[in-house]
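Beneath this line is the structure, given in structure tokens, with notes to follow.
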Number of protein chains: 6
Amino acid sequence: MSTYQLLLALSALSAFISAASANDPDMLQDVCVADLNSTVKVNGFPCKDKFDAADFSSNVLAKPGATNNTLGSLVTAANVQKVPGLNTLGVSLSRIDYAPGGLNPPHTHPRATEMIFVLEGQLDVGFITTSNTLVSKTVIPGDVFVFPRGLVHFQKNNGAVPAAVIAAFNSQLPGTQSIASTLFGATPPVPDNVLTKAFHIGTKEVTKIKSRLAPKK
Amino acid sequence: MSTYQLLLALSALSAFISAASANDPDMLQDVCVADLNSTVKVNGFPCKDKFDAADFSSNVLAKPGATNNTLGSLVTAANVQKVPGLNTLGVSLSRIDYAPGGLNPPHTHPRATEMIFVLEGQLDVGFITTSNTLVSKTVIPGDVFVFPRGLVHFQKNNGAVPAAVIAAFNSQLPGTQSIASTLFGATPPVPDNVLTKAFHIGTKEVTKIKSRLAPKK
Amino acid sequence: MSTYQLLLALSALSAFISAASANDPDMLQDVCVADLNSTVKVNGFPCKDKFDAADFSSNVLAKPGATNNTLGSLVTAANVQKVPGLNTLGVSLSRIDYAPGGLNPPHTHPRATEMIFVLEGQLDVGFITTSNTLVSKTVIPGDVFVFPRGLVHFQKNNGAVPAAVIAAFNSQLPGTQSIASTLFGATPPVPDNVLTKAFHIGTKEVTKIKSRLAPKK
Amino acid sequence: MSTYQLLLALSALSAFISAASANDPDMLQDVCVADLNSTVKVNGFPCKDKFDAADFSSNVLAKPGATNNTLGSLVTAANVQKVPGLNTLGVSLSRIDYAPGGLNPPHTHPRATEMIFVLEGQLDVGFITTSNTLVSKTVIPGDVFVFPRGLVHFQKNNGAVPAAVIAAFNSQLPGTQSIASTLFGATPPVPDNVLTKAFHIGTKEVTKIKSRLAPKK
Amino acid sequence: MSTYQLLLALSALSAFISAASANDPDMLQDVCVADLNSTVKVNGFPCKDKFDAADFSSNVLAKPGATNNTLGSLVTAANVQKVPGLNTLGVSLSRIDYAPGGLNPPHTHPRATEMIFVLEGQLDVGFITTSNTLVSKTVIPGDVFVFPRGLVHFQKNNGAVPAAVIAAFNSQLPGTQSIASTLFGATPPVPDNVLTKAFHIGTKEVTKIKSRLAPKK
Amino acid sequence: MSTYQLLLALSALSAFISAASANDPDMLQDVCVADLNSTVKVNGFPCKDKFDAADFSSNVLAKPGATNNTLGSLVTAANVQKVPGLNTLGVSLSRIDYAPGGLNPPHTHPRATEMIFVLEGQLDVGFITTSNTLVSKTVIPGDVFVFPRGLVHFQKNNGAVPAAVIAAFNSQLPGTQSIASTLFGATPPVPDNVLTKAFHIGTKEVTKIKSRLAPKK
């Protein structure tokens, strides 16, 4: 098995674990609590034989995420991987924390619409339609804002204090494709000549951006 | 036109306005912002010709709802009727406020799963499966809990301080069927002999409950 | 393992068996006949390797159900648990029999619309919208009536002779949440203070109703 | 406007009226009662402003259909065109009557699974899978049988007495494509060389069959 | 085990393998590459643990199919059985080749709409609505044409040179029910009296057609 | 009305026209041919009163697109806007032409999976999963390749001769969000500090890329 195959295999495995959805198929019973460790893999997850209330609850969103990273933001997910009772139910939540100046960079959710509720701070938020119209607004605590399924969107904390939101998705596992790291940090890498031509930049600039967005070892 | 027909017509109209959904049909364009005043009625809403960022935002959830009512709770919705940009996007939010002792009484959402995030206070929450199993838990700030689509559920503030949650739904208009007022406060009324036989109580008790849950004039 | 855990486990198991759906996901092959005994549990059922015509047929609806019970009615289901060929096909049937005076008490199907055809007798039927409008009618043999998905509905035989209907559902396993026994007969029980506050009745009355709707040992 | 265009226009109109569906999109409100006379046409039907219980009921299935025709059978539909309350609700019923010897000839429902309940008589029923397997059975009063969505199926009364069934569909308008008249009775006609080659018969035989299945003037 | 049961079992197996779909359920992760050899059968296919780019590609459509058969046409499919990466993704392709005079005989796809692109040659194509309207056209290289889900349709090469199309389906496994062989070549056979009555032909003619469309041993 | 509002209005209009979908809702009649000029806007399009075969066909894909542009590629769509019969049917086609060196730059289809068939030339194609794995391959004439719904993907002609593909989508209007022009060419523009932080580049570089990807006047 080559290194490339190994990488692919590992990536495939993590793709399977970290991926997402929107407008999930309807359930065929009251509940089908995810058996996250099943050796059988299906669309979503097989169901556990037994469950209790803990399967429908979690405290992973209780504490602010650590925002002392390059982007100054952190997304914490309460999706089917953390709340197995969500399997087949078509909804999930995240919390997003932002340091002052922090950015949740342009990204898409391939399979979910997102609706945020601002817990604290102030954010400049926006999405871009397929006709390249930016729809944007400044939101403050108590405001809600909607990002339609599949469209590129972002949130930027241009305020002086931390910000935080609760984000709702109509999928048990909404997935996130962060544009910059998707293009400049993929494994194997996206060919340079795709990126130079798409962004009208030189190979040197591509190399520089790639080095900054390289996957963490 | 008889009074009965008038009541029905009025009810139909309000039914149309206050109803709800779960696992909504997929969108066929980026966005289809609801034209809430269109004379043409369709599944969901027709789309407006023009929109801006305000159609995707709202501050209706910013302030705690007034809980000085009989139940000691209030649900405030940010659904397609308040955020027209939600039309075709399959998601919405509510906030629910609870006085100490307050109850969001047993109810269903005919067409949505609900997932709550506790903002403050402490709540005893639960849902009942179709095999009459109560799945319940005490949740505290930062906790999430899931209520599967169509199943009866409730939240009770047994704590000494107010409580509040943000509730996410996988429908643009999740609808609420509050069990007690549905059965004892409908117009025209549900026949007494249906209620006495279902609840194994006497006509006198039915009359008493009906008087307490009568629709507000 | 505590008694509570045991009850939950048993309930979960039966929830899995008795639950239901509406607008089921589409099939991905001609047929996927349910393997009702598979150790792997998924949304719906895995498929058997072999099938024959018997998997698509049943005579469970052939005989009137015994209506000599408290409510004077009995629902007999021909769903995926009885007709395994229904798996992935999104439809099922029931027959409901009513003694004179019999009641199919207020209930919901969390995941299916229901449409009845009256075989014999006369019934007062109705559903209540989320705006608390009762839509009701007296139906006679040959009549059809529709109960929209997720809404509370009932049928009452106020006639002098037995009645019977065939009920169609757009789900392979529509599920039933009977309101009174859901609230007053759940295991573990719904807390008294939820029921007293919701129905504006005293604890004594709650205890009385609970005793009458207690789950059969 | 040519005769051909006129025929197409008329056919299109009737196609619109007589067509059907399976696994209909979910509703976005409690009910959306079809406005059958709306000048605006949409997927399904726009909703009426007002409705009452009559919109959810019908007696069109009450009487046996007249079976004194060539095939000795008649299908009577209680779909959205007869029960406008069915719009967006994803279900409908038909009754089918069969004279002794009568046949409901091989046909498909492009967008619905069908499940029958035998009211009286005896029927030989079957469907054929896409791998050309006939799945067939003799059914008697009280039996149910399932015909998966889109697959060719038929019912034949080989008994000495009339037969009748109630048929349930998971679509508000299931549509019927009767194979023989589709191929040999279409307007404009299916070219002879398509039929001779498909059925391995001569032009003379095609002409003969066409004359017998010609559309009624 | 009887021969009949064996035939049924074999047919069921092949049905499972050769069947099809339209408007498939949404995916719940990025990809769920079909494990075509899994002993667990589900709606669609379980997912493999590992995958690579080869799972999303194929060259089965690269070469024209052999059209030296009775009908003068051949359909080659690139569906989930050949491209396992298609599992849960709701799309597939076929190529169809036609000798001069060749016919892709009247058939349906129970669960998919089809859209063709003409690669070469000229074809007379058409579909028939449920109101028996033929919608037909002559298409030439570069033309596209649409066949709505579930409706009977055909393509005939009345030109002097070979023709070929690429056909797209909105299902991972669209399935094909070829009308003539479904009715006259099924195993077990469709009863003669169903076919004589449906097509208004004699038993002798039915026997003749059956002999020509008999399943290949 | 401000310039900003005017831009938004114009963009909204074009968004409405150019947007897209994946896994479209099922049809509720045989066909619902889009009335592209209707003043009533709905999810998808209202239906025309009359139609003929031309509504289901088009020759817009017949000729290679002009590739003498900056990227050296052109996408030509045969979607519901060009083939109105596609409305409600959930499928569409495009052809993509590539000059030598040409690039169809990284983009997503928010609501459709794409499957290509290579007509001529050689292409390096790939998609990136949400776990940043590049799945890529070189494809040659006759090959097919799949790009899962919502994931970033691209095609690059690194060969010496022109290339062309036919692309199938499981949506009537799949939409395209071209990443570079979405981020650097939106109107109003995406704020510089979002782009500098996301791509780890300076304001000067952002300005340069923006100038090259500015919307055409």
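Placed from the backbone N, Cα and C atoms, the Cβ positions cover glycine too.
The following features are taken from TrEMBL:
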type: BINDING; residues: B:ASN104, B:HIS109, B:GLU114; note: oxalate binding site
type: BINDING; residues: B:HIS107, B:HIS109, B:GLU114, B:HIS153; note: Mn(2+) binding site
type: DISULFID; residues: B:CYS32-B:CYS47; note: disulfide bond
type: DOMAIN; residues: B:58-207; note: domain 'Cupin type-1'
type: SIGNAL; residues: B:1-22; note: signal peptide
Using a 10 Å cut-off on CB atoms, tell me which of the binding-site residues B:HIS107, B:HIS109, B:HIS153 is the least crowded. B:HIS107
Report the residues of the chain - excluding B:HIS107, B:HIS109, B:GLU114, B:HIS153 - with C-beta within 8 Å of the mean position of the site's C-beta atoms, for the recorded Mn(2+) site, in sequence order. B:THR108, B:ALA112, B:PHE127, B:PHE147, B:LEU151, B:VAL152, B:PRO174, B:THR176
How many of the residues that make up the domain 'Cupin type-1' (B:58-207) does DSSP mark as helix, as strand and as coil? 22 helix, 59 strand, 69 coil
Across the domain 'Cupin type-1' (B:58-207), what does the mean pLDDT come to, as a whole number? 97
Looking only at B:CYS32, B:CYS47, the disulfide-bonded residues on record, which one has the least crowded Cβ, with the fewest other Cβ atoms within 10 Å? B:CYS47
B:ASN104, B:HIS109, B:GLU114 excluded, remaining Cβ within 8 Å of their centroid (oxalate): B:VAL75, B:SER94, B:HIS107, B:THR108, B:ALA112, B:PHE147, B:HIS153, B:ALA167, B:PHE169, B:PRO174, B:THR176
Given B:CYS32 (disulfide bond) and B:HIS153 (Mn(2+) binding site), what distance in Å do their CA atoms have, once rounded to a whole number? 32
Among the recorded positions B:CYS32, B:CYS47, B:HIS107, B:HIS153, which ones place their CB within a distance below 8 Å of a chain F CB? B:CYS32, B:CYS47
Quick note, B:GLU114 (oxalate binding site): same-chain residues at least 6 apart with CB under 8 Å of its CB -> B:VAL146, B:PHE147, B:HIS153, B:ALA167, B:ALA168, B:PHE169, B:PRO174
Fill in the CA-CA distance, B:HIS109 (oxalate binding site) to B:CYS47 (disulfide bond), as an integer in Å. 25
Does anything in the same chain, at least 6 positions from B:ASN104 (oxalate binding site), have a Cβ under 8 Å from its Cβ, and if so what? B:LEU71, B:SER73, B:VAL75, B:ILE96, B:TYR98, B:PHE154, B:GLN155, B:LYS156
To the nearest Å, how far is the Cα of B:CYS47 (disulfide bond) from the Cα of B:HIS107 (Mn(2+) binding site)? 31
Going by DSSP, is B:CYS47 (disulfide bond) sitting in a helix, a strand, or coil? strand
